[in-house]
Amino acid sequence: MSCPVIELTQQLIRRPSLSPDDAGCQALLIERLQAVGFTVEPMNIGDTQNFWAWRGTGETLAFAGHTDVVPAGDVERWINPPFEPTIRDGMLFGRGAADMKGSLAAMVVAAERFVAQHPHHRGRLAFLITSDEEASATNGTVKVVEALMARGERLDYCLVGEPSSSEVVGDVVKNGRRGSLTCNLTIHGVQGHVAYPHLADNPVHRAAPMLNELVGIEWDRGNEFFPPTSMQIANIQAGTGSNNVIPGDLHVQFNFRFSTELTDEMIKQRVVALLEKYQLRYTLDWWLSGQPFLTARGKLVDAVVNAVHHYNEIKPQLLTTGGTSDGRFIARMGAQVVELGPVNATIHKINECVKASDLQLLARMYQRIMEQLVA
């Protein structure tokens, strides 16, 4: 017996949509949604394909996701070609199976079933889909959100289909995410010969005490919803490669994953104060890729918890751990945002896979969420 969720997932996997190339995935989704009465507005920007689709009026529940995937890596190490979906022992293998073509298929099939049962639903059901999430994320969801906000669109609830689960579907639901702030720091010195240090100024030596203090800072202790803010040095570089040249500059890149206990401005001020304390000559470049956001217990969280418990008989953990997602852009609209998707154990890995029955379960959960909020 065929399963529409599995079949649609397989159709999507067969399209090698390496970010930001959609490779025809959205055309499949659009065709299915239009067939059940959705109005679809393509919102393509540059090399990125996006669409906004809706059906009905009133309080709005949007489902958000991305059709793009990361590269497959060494295809010889896959048990089957990464863009040829294969089911083995109940597991569906293929790039994007878990992140996040399985979720997209579950969303669309859930919407089809929901509309069939509730053709005159009271609220508005919507989809926000992009092909630019895995790479730069510059022409995707963020641009669609900006356009929707500019024309006064209202979004009350948003379910993002990112693979949130840990062991079984729904055991972890993300009801927020930490902010992400990157600092590109250059410490300036004076290049010279290592045998004549008095004629040079080594930026590595000057910066070492400051960096030592930086990595030891306790930024906050987190709170009920967020773990403590963390700072990690990601890249550090100095020198010419020669063993007899004192470097002229030291380049350090570090990233903060910060909680709602801090703002990006508070972090910036503290870093600058530290640089001034050690009397360093420096250049700073900051990149804020996302503010922290949190969806407290309310109608959306309650609907998600109810759906998970109904079909999997477990109470999900509400967590804010992990990296950033497009939820950070959608939260700007004032919407309640929650992430619920398949198990994330193999995402971005060789032999990415998802339990086929989990996708069927996910479609039922998504449909129940629709029924609770916009039926």
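Each residue, glycine too, has its Cβ placed from N, Cα and C.
Here Swiss-Prot flags H66, D99, E162 as Zn(2+) 1 binding site, drawing on sequence analysis. Note: E162 (Zn(2+) 1 binding site) has non-local neighbours G65, D99, M100, S103, K174, S325, G327, E339, G341, i.e. same-chain residues 6+ apart with C-beta under 8 A of its own C-beta. Look at E162 (Zn(2+) 1 binding site): DSSP puts it in coil.
Here Swiss-Prot flags D68 as active site, drawing on sequence analysis. Annotation for D68 (active site): spatial neighbours S17, L18, S19, P20, D21, D22, T130, S131, D132, E133, E134, A135, criterion Cβ-Cβ under 8 Å with sequence separation of six or more. D68 (active site) carries neither a helix nor a strand DSSP state and counts as coil.
Feature annotation from Swiss-Prot assigns Zn(2+) 2 binding site to D99, E134, H348; the stated evidence is sequence analysis.
For E133, the entry in Swiss-Prot reads active site, proton acceptor, with the evidence type sequence analysis. In the three-state DSSP scheme, E133 (active site, proton acceptor) is classed as coil.
The separation of H66 (Zn(2+) 1 binding site) from H348 (Zn(2+) 2 binding site), Cα to Cα, is 14 Å. Each of the binding-site residues H66, H348 was assessed for Cβ neighbours inside 10 Å, and the highest tally belongs to H66. Using a 10 Å radius centred on the Cβ of E133 (active site, proton acceptor) and all shown protein chains, the other Cβ atoms total 25. Take the CB of E134 (Zn(2+) 2 binding site) and look out to 10 A: across all protein chains shown you find 21 other CB atoms.
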